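S.K.: Have a look at this one.
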Amino acid sequence: MESTKQPVEFTEEDQKLLDKLIRRSEKKKHKKDKSRQDGEKADKHPSKANKRDKKDKVKQEEDKQEAEKANTAKRTLKAKPKSTFQKPQHMFDITTRKKASVSVFKGKKMIDFREYFEKDNEFLPTKKGIALNEEAWNALKEAIPKIDQAVKKLT
């Protein structure tokens, strides 16, 4: 079998497209050749572009190191518990919605005065309130007679 090659006929549009692709290819090749020549010249005479390239490489290296540090930090972070709150062991009603409680939080005894709200027949704490450690609680107990006297003077 003999292979017979027949000439391919291109339309005018196809020819323009083909010419355009060839020109692009030649431009890319020319740019590559020119950059190689510039590289050779840069070795002999350091230019501003060469200095800029060095700065870019340094910056890329720094960015890479920062990213590695961030990834390391992410890996070393431990999962935090959702809450260290324990239900109060002792609860005292001050009013219907205000309560005092004594509990342990992060291993420390706390005296908590807080407003509560009702949801599904259960009272839950709000953000409105104050939690005192033992030292602050003792200071408050010592100040109560003075506070009581001040209240009596106002009425």
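Cβ coordinates come from backbone N, Cα and C, glycine included.
According to TrEMBL, the protein has these features:
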REGION    1-92  region 'Disordered'
COMPBIAS  13-24  compositional bias 'Basic and acidic residues'
COMPBIAS  25-34  compositional bias 'Basic residues'
COMPBIAS  35-46  compositional bias 'Basic and acidic residues'
COMPBIAS  53-71  compositional bias 'Basic and acidic residues'
DOMAIN    92-143  domain 'Transcriptional coactivator p15 (PC4) C-terminal'
S.K.: Could you break down the residues of the compositional bias 'Basic and acidic residues' (53-71) into DSSP helix, strand and coil, giving a count for each?
M.R.: 19 helix, 0 strand, 0 coil
S.K.: The compositional bias 'Basic and acidic residues' (13-24): which same-chain residues, six or more beyond its ends, come within Cβ distance under 8 Å?
M.R.: none
S.K.: For the domain 'Transcriptional coactivator p15 (PC4) C-terminal' (92-143), what's the model's average pLDDT?
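M.R.: So the average pLDDT across the domain 'Transcriptional coactivator p15 (PC4) C-terminal' (92-143) works out to 91.
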S.K.: Count the residues of the compositional bias 'Basic residues' (25-34) that DSSP assigns to helix (H, G, I), to strand (E, B) and to coil, and report the three numbers in that order.
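M.R.: Looking at the compositional bias 'Basic residues' (25-34) with DSSP, the answer is 10 helix, 0 strand, 0 coil.
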